[in-house]
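One structure is given here, and the rest of the page talks about it.
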Ligand code: ATP
Ligand code: MG
């Protein structure tokens, strides 16, 4: 039915499931374009709920909350990967929902996700599903050392254990309560990168440039985006792979595909996120269309125009750790950081800083990659972020 729909124009109300920072930045983008917004999140102080025109305070499975959201909105999207797919399917009976519940369900399940990569002919890490003691016992030595990952609900490196031997693997699975897992072979990574695509109802697709990502302790720390940040062959392969993953899902919306580049130059897909992604935040200041505007355009059926990068970019994630020094609370020296040219501060309005909690990000734009990196290193030194 969606192809028959006329575009939903500014003035209409757009809904988002989830009230985190991704929802907040979606709300900002939608409001800048003249839309009204509604957020569904049980937390009365959620970052997106605080800035939205309407805030439905209910859980994702509350039929009344979903009905209220449907009543308010002309279209709905999601910002939270683990929104029950059933909630999206329920809403889709009444109004356009993108991405679809079926696509989100695949992204929520590492085993289904890997099966999809195989279907699309995009290589992923060698792996085995571990859901029974027999499967555990059958794990081949070729998958060790490896990383045991829960099939569902993992993020920011949570629900993962690095294991070197069969004994460590068994102990780690026990410690995880023997929930469904996949064991992935530990690969020799030289870079990590990601590609964000936006696919419309009509199958038209555009992409952001390849983002080079540095993770620390399983959490994204730095993203660098400029031509040459990843060798050209891998960059072209990554874009083609991301497009094929999106087409294969008949996906509508913004999709992030994360990759590993290995020491032999080969490219391996890691995982997908069915929404804007932390590694795409630089697009707010370095692209002429941000990933959040792309989300608005996809869900409303507005045209997708290939985004252009106008500045070299670095993004530094601002984790709660920066709000402490020697165990004592402090306020980071924002005034010093903002004295540096091309710095753009984004804080999500979370009042409670905790180590490893994503509190905000700093985008740095410059005419050249060297300048962007130089300013990023200065900002990192001021804030207490380790150099990269
Ligand atoms: P996200 O916050 O991106 O959703 P996640 O918790 O789903 O993260 P993954 O992306 O699976 O976790 O892994 C987190 C990080 O751990 C990766 O970015 C990479 O640095 C490292 N990692 C994961 N799998 C492997 C692997 N098979 N080999 C080597 N390193 C890996
Ligand atoms: Mg990841």
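Every residue, even glycine, has its Cβ placed from backbone N, Cα and C.
Just so you know, TrEMBL annotations are computer predictions that nobody has curated.
According to TrEMBL, the feature ATP binding site maps to 110, 149, 154-160, 184-187, 192, 215, 270-271. Secondary structure at residue 270 (ATP binding site), taken from DSSP and collapsed to helix, strand or coil, is strand.
The domain 'ATP-grasp' annotation in TrEMBL covers 114-300.
Looking only at the domain 'ATP-grasp' (114-300), the predicted model's pLDDT averages out at 95. With the fewest other C-beta atoms within 10 Å around its C-beta, 158 stands out among the binding-site residues 110, 158. Under the DSSP three-state reduction, residue 158 (ATP binding site) is assigned to coil, being neither helix nor strand. Around residue 187 (ATP binding site), the same-chain residues six or more apart in sequence whose CB sits under 8 Å from its CB are 125, 260, 262, 268, listed in sequence order.
Neighbour density for residue 270 (ATP binding site): within 10 A of its CB lie 18 other CB atoms from the protein chains shown.
Reduced to three states, the DSSP call for residue 110 (ATP binding site) is helix. Each of the binding-site residues 155, 184 was scored by how many other Cβ atoms lie within 10 Å of its Cβ, and the smallest score goes to 155.
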